[in-house]
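K.L.:
Below you will find the structure I want to go over with you.
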Amino acid sequence: MQTSMYAVKGLGSLCFEVQSRRRLSAGFCEFKQPSFRECNSFCMRDRTTCCGLRLDSATMGAELTRVRYGVESLVRSSAKSRSLKVQASEGDIEEVKPIKSQEKSSGVVLPFVGVACLGAILFGYHLGVVNGALEYLAKDLGIVENTVIQGWIVSTLLAGATVGSFTGGSLADKFGRTRTFQLDAIPLAVGAFLCATAQSVQTMLIGRVLAGIGIGISSAIVPLYISEISPTEIRGALGSVNQLFICIGILAALVAGLPLAGNPVWWRTMFGVSAVPSILLALGMAFSPESPRWLFQQGKIAEAEKAIRTLYGKERVAEVMHDLTTAGQGSAEPEAGWFDLFSSRYWKVVSVGAALFLFQQLAGINAVVYYSTSVFRSAGITSDVAASALVGAANVFGTAVASSLMDRQGRKSLLLTSFGGMAASMLLLSLSFTWNVLAPYSGPLAVLGTVLYVLSFSLGAGPVPALLLPEIFASRIRAKAVALSLGMHWISNFVIGLYFLSVVTKFGISSVYLGFATVCVLAVLYISGNVVETKGRSLEEIERALSSAV
């Protein structure tokens, strides 16, 4: 009977939370084993209130689930505590550590991560496709001598992506993650078609803007969706898969440019083929489960449980639902608006997300991606497209290594190692263009320094920010805060894409690379003092820890 009294007290504690920490004036009767039906009977006598607190239907469902899974957790904990006490030979009581269940999960996550990563592939492909195609499309469209228009063809994609990244957060909050993916396929496919068939600069620019809106939305919701459906123990590895597929997309774009030398109109095929993954993304998301966290926030409890069964297996439904209720998701607190991101409650953590993406871009990665072909050519590398493809391969390799390290080494240590390596690589590149003693080797050094830079980037600065942000943002601001941080990413990306060649012409490639190295050093200092480690912790645990620290 002592055990059931503890369960009753636990139920009282849960209802105590429901009425916003006001003391209950009424006690609870003693019963043998609490059940959801008994909780339902207690809290729902008039079907509108729970412990004296008036609830709407969505909140009522979430709070009942909070009680249900809290009670189940208490019963499990009570049973577990009894099983952990064993009698020693001397009659003493010995405490034994609980053993996690080794039962194989019946859920499946990887196929749905793979579908989401089609958005990441398109992200990388549209970023990299202009690298090899720019020279040939400039001839077709009659803008060979107009570097300003060429810069706009590169950068309009990024302007569209800035709009898309902000839009993606609101769409994901309103319609859900999977439906937003399906909406996202529309500008991606239409943009690809317009670019492939463009007979004028205007059509090309419109196509690039639409494709940019598509990849901006993808950049916000791919890491968000993956982080919300991934099990805690492998969330780092799966989260870094997003960056891996971005790198695969960039590599695919660079490799796709190899036939250009023999077929100058091949650039149209390069743009057009990207419509295929867009269509597959829309179809795949029709069969993918919605984020359980989003469903829970909307009060769709039954659908959240169904999604958890699909993703993790029926044996983990109670565990995951308990995590969600403990974190307070689905409570009566209203969903955050854009201005809430700048409140004292959230600004510190939001500023970390924005700063990470700002450092990522100002460190020069997209200048390398967009213009590596031109840089290699100026350094005397004859097969410049092949050298750029080598850079893409290094990016894929480094990101694959990072995926295996993410849940062992942790996010923060990989960031520090990455930015440190990028600083050293950029310094090597800068010296290779200025030191006369290195002049005979400037070509090989340009390739070596660029490859080392990309490898360093792919170990941390590339995959970690998109993974870390959904982890550190509270559930009620997660979608919008990720969108805001990625907005910073695309704005800085746009400026670099538009002005990189002009700045290089004015100051020289060596000075620009030295500036990138300085940014990397500043990033190391900032990360050391402001970024928290999140490996091995559930999203709900991280949210509770950061909330208590505010």
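Note: Cβ is positioned from N, Cα and C throughout, glycine not excepted.
In TrEMBL, annotation is done automatically, which means it is predicted and not curated.
So TrEMBL lists the following for this protein:
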- 112-535: domain 'Major facilitator superfamily (MFS) profile' (DOMAIN)
- 107-128: transmembrane segment (TRANSMEM)
- 148-169: transmembrane segment (TRANSMEM)
- 205-226: transmembrane segment (TRANSMEM)
- 238-260: transmembrane segment (TRANSMEM)
- 266-287: transmembrane segment (TRANSMEM)
- 349-373: transmembrane segment (TRANSMEM)
- 413-433: transmembrane segment (TRANSMEM)
- 445-469: transmembrane segment (TRANSMEM)
- 481-501: transmembrane segment (TRANSMEM)
- 507-527: transmembrane segment (TRANSMEM)
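On this model, are these features tucked inside or out on the surface, and what's nearby?
P.N.:
Beyond its flanks by at least six residues, the transmembrane segment (107-128) meets 157, 181, 184, 188, 191, 211-212, 214-215, 218-219, 221-222, 225-226, 229-231, 238, 241-254, 274, 277-278, 280-281, 284-285, 288-289, 308-313, 316, 366, 369-370, 392 of its own chain at Cβ-Cβ distances under 8 Å.
Same-chain residues lying 6 or more positions outside the transmembrane segment (266-287) and placing a CB less than 8 Å from one of its CB atoms are 115-116, 118-119, 121-122, 125-126, 129, 132-133, 136-137, 140, 178-179, 181-182, 184-185, 188-189, 192-193, 195-197, 207, 211, 214, 253, 256-257, 259-260.
Beyond its flanks by at least six residues, the transmembrane segment (349-373) meets 127-128, 130-132, 154, 250, 341-342, 384-385, 387-388, 391, 415, 419, 422, 426, 450, 453-454, 457, 461-462, 464-465, 468-469, 472-474, 477, 481-482, 484-486, 488-489, 492-493, 496-497, 500-501, 512-513, 516, 519-520, 522-523, 526-527, 530-531, 546 of its own chain at Cβ-Cβ distances under 8 Å.
For the transmembrane segment (413-433), the residues of the chain that approach it from at least six positions outside its boundaries are 356, 359, 363-364, 379, 402, 405-406, 441-442, 445-446, 448-450, 452-453, 455-462, 464, 508-511, 513-514, 516-518, 520-521, 523-524, 527-528, 531, 533, judged by C-beta separation under 8 angstroms.
Distant neighbours of the transmembrane segment (481-501): 147, 151-152, 154-155, 157-159, 161-162, 164-170, 216, 219-220, 223-224, 338, 341, 346, 349-350, 353-354, 356-358, 360-362, 364, 366-367, 370-371, 374, 465, 469-470, 473, 512; these residues of the same chain sit at least 6 beyond its ends, with a Cβ under 8 Å from one of its Cβ atoms.
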K.L.:
If we skip the immediate neighbours and take only residues 6+ beyond the ends of the transmembrane segment (507-527), which ones have a Cβ under 8 Å from one of its Cβ atoms?
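P.N.:
Contacts with the transmembrane segment (507-527): 355-356, 359, 362-364, 367, 375, 378, 412, 415-416, 419-420, 422-424, 426-427, 429-431, 433-434, 461, 500.
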K.L.:
Mean pLDDT over the domain 'Major facilitator superfamily (MFS) profile' (112-535): what is the value?
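P.N.:
Overall, the domain 'Major facilitator superfamily (MFS) profile' (112-535) comes to a mean pLDDT of 84.
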